[in-house]
Amino acid sequence: MSVKIALGVGLFTNALLAMGSERHSAIYNAAWNREIITCLAITEVSHGSNTKRCRTTATYDPKTQEFIIHTPDFEAAKCWVGNLGKTASMALLFAILHTSDGQNHGLQGFLVPIRDPKTLQPYPGVIVGDIGEKIGLNGIDNGFVMFNNYRIPRENMLNRAGDVTPEGNYESTFTEPGKILGAVLESFSAGRLGIMQESSNTLSHAAVIAVRYAALRKQFGPEKDGPEQSIMEYQLHQWRIFPYLAAACVLKASVFSLTDIYLATVQKSQKDSNGFELLTQIVSELHALVSCSKPLVTWTARDAIQESREACGGHGYLRASNLGELRNNHDPSCTYEGDNNVLGQQASNWLLRQWKSAKVESPVGTANFIERRDAILAGSFDAIAKANGAVESVEFITNCYEWLLCWLLHSTSEKLQHAEQTGTDRFKARNDSQVYGARDLSRAYSEYYALECFRKRCLREDVAENLKPVLFNVYLIYGMWCIDRHLATFYAGGFAVGPRFADAVRSTLLSACGRFRDSSVAVADALAPPDWVLNSVIAKSDGRLYENIQNVMMTNPGALERASWWKEIVPTKMKAKL
């Protein structure tokens, strides 16, 4: 239900506010008050990421002052649209605008009635249906729709950025380009931020389940016939689940910070008529941050769910553990609102432009390190460790990440330059620079940003003294865990020679996990939602693990009854004897 509301109320009304005008207020109010069910239709059967190649058209007819919405074939059908399958009566649809002079004005937004809101019967000229059962989120009626020269009023075009006159002329309604930019920002970034917020919650839920279960589950012990110990005591188990609990904390800080920047930027675009150049730079940097952070958060949540499921053993495979539902319902987050692998390229492209530019344009400050590239690349593990005095420090992790980012920028830029100099076209050169290059760059940039957000929010001087060691440990676990994944790149770039660097990173990670044992449950409890939201029989806040499992198993409908099909599996001869 929350997803249906987010799609039909949150995303729809947000896009309508960003792209529409006062003439659309009646539809806005109806959607906001849930008087009608709405949807947002962009993706087509054959085009998702490459929206410029979408083929649904809106052709203006000046004789009737109407737009003719048309779908040329099934490949151009709008598809995977949430709420569209059975319930939506109104769609905010993106189509290619053609005016009567033959001009193509690109993708524009239109309010398109789909069904009669009183009967939910589709209007003539509209073929709409449900796409069928999915892996998860089957409470959401994802649908497809095709239009056969379907007419809508001229006023249904969302006209905040541009409009078509009754005579059929296209004109921009904005004299201030900053507001156009803000409108685009509002309509597309909000959805990705929403997914990141939801995914960070999913990550927290998975980590909470794994940690609470590990604290209560006992297996083996140091003495043959002595008491068993909690599986949380084992270093291997700590190494498996604690980084995800730390990630849940760090990535929440990142999502909060991105949301703050986004809201401030939208507000600035609406109120400030000056400073368009600065606003452009902020929007570009924010887009890069969202484009790399959405993959980081959703992929981390995906991996956390799977590791938590395995870490909870057989009981984690119970449907009542809720880990299966989390996995199935979270999975589409990695591809909708932007395929993760495609989104990451937008972030690396922005970083590479900053690397090549004579002046770094980073008003948010996330790429200012590039200005010190020469000094950073001259560094090494030995020099950084000596300068900081300790590997277990914020400075060490920050310096390692700045070197990593500069090296990936340097090596990827050189690879691109070499490809172009040897005759490779730019399109192929960019595609061939992703693996072990731009893709790793995007990932490292998002991790660096997340760590900086957590440092600024949670490692401040005014934080309560009793919390500082715990929060620093969270930072240390996540930082070292991430650096460990990039070890090959550090060695390939000459940052370190020999095993000392890898040994230092890994021993620090394991030590931090060991220290985290005593505070991990408290951190999990701080992140945990109420039991009815977490909905996991193996991770209730009352700590009665086996009582709760017993209750679920004993009260499961039909659990203690003979199967209705028992006769089908008892051999015939045995039946006779019985």
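Any Cβ shown, glycine's included, is placed from N, Cα and C.
Unlike curated entries, TrEMBL annotations are predicted automatically.
Annotated signal peptide per TrEMBL: 1-18, in sequence order. Positions annotated as domain 'Acyl-CoA oxidase/dehydrogenase middle' by TrEMBL: 39-149. TrEMBL lists Thr43, Gly82 with the feature FAD binding site. According to TrEMBL, the feature domain 'Acyl-CoA oxidase C-alpha1' maps to 190-352. Marked as active site, proton acceptor by TrEMBL: Glu337. Residues annotated as domain 'Acyl-CoA oxidase C-terminal' in TrEMBL: 394-572.
Known features from TrEMBL, placed on the structure.
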residue : record                       : DSSP class
Thr43   : FAD binding site             : coil
Gly82   : FAD binding site             : coil
Glu337  : active site, proton acceptor : coil
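Straight-line distance linking the Cα atoms of Gly82 (FAD binding site) and Glu337 (active site, proton acceptor), rounded to a whole number, equals 12 Å. Long-range C-beta contacts of Thr43 (FAD binding site), restricted to its own chain and to partners at least six residues apart, with a cutoff below 8 Å, comprise Lys78, Cys79, Trp80, Val81. Listed in sequence order, the residues of the same chain lying 6 or more apart from the residue listed as 'active site, proton acceptor' and placing their CB within less than 8 Å of its CB are Gly191, Arg192, Ile195, Lys294.
Confidence over the domain 'Acyl-CoA oxidase C-terminal' (394-572), given as mean pLDDT on the 0 to 100 scale, stands at 94.
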